[in-house]
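Novice: This is the structure I want to talk about, given as structure tokens.
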């Protein structure tokens, strides 16, 4: 009953159902048979089309049990949950630094290779990621494409808008696993955690004194 009767003429992979073979063959042909009636975009798989259509409908069926934030797809929820758990499963083979996302690790590894494949046509500055180049380019154009629907203030980066909107909503999605205190920004949580660990990562190049906060180091440097 487990015999696989339908084989791919390109790679030889076998399938029990003809429909499975048909879907698989699209990975070779590049055929995109599923069409979004809203925007005209095509997809290889029906599941990809359904996921895409949520952007049009606003449906976000995947909810974080920690903070209630909702997501269009399950993989984004899993990435978000790592912000609460602190899980960083992807480690750099060069320096050991760990990351929650593989894409962030891959971008980080270019620091070691020195590769900066995306360069600004205005000033020639190079960037590791294309999105960093796009953000940088707005410093030349002055474009601020992300407006706040509450107050109208505009931002050059989507993350700046997300952080700003928390000043309206009061949302604090980043919780300390030690004491439960919540923060609006992940960087504030990271800073807070140093109080539990006693870690002081900012050291004075003049005298070697260490500090838990960069602002404390900067204030200290003025004494030299």
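Every residue, even glycine, has its Cβ placed from backbone N, Cα and C.
Sharing the feature lines straight out of Swiss-Prot:
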| type | residues | note |
| --- | --- | --- |
| ZN_FING | 6-28 | zinc finger |
| ZN_FING | 34-56 | zinc finger |
| ZN_FING | 62-84 | zinc finger |
| ZN_FING | 90-112 | zinc finger |
| ZN_FING | 118-140 | zinc finger |
| ZN_FING | 146-168 | zinc finger |
| ZN_FING | 174-196 | zinc finger |
| ZN_FING | 202-224 | zinc finger |
Novice: Counting only residues 6+ away from its ends, which parts of the chain sit with a Cβ under 8 Å from the zinc finger (34-56)?
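Specialist: Hits for the zinc finger (34-56): 23, 26-27, 72-73.
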Novice: Are there three or more C-beta pairs under 8 angstroms joining the zinc finger (174-196) and the zinc finger (62-84), sequence spacing 6 or more?
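Specialist: Contact between the zinc finger (62-84) and the zinc finger (174-196): present.
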Novice: Using a cut-off of under 8 Å between C-beta atoms, tell me which stretch among 90-112, 118-140, 202-224 contacts the zinc finger (174-196) the most.
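Specialist: By the under-8 Å Cβ criterion, the zinc finger (174-196) pairs most with 202-224.
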Novice: Same chain only, please: residues at least 6 beyond the ends of the zinc finger (118-140) with a C-beta under 8 Å from a C-beta of the stretch. Say none if there are none.
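Specialist: Contacts with the zinc finger (118-140): 107, 110-111, 156-157.
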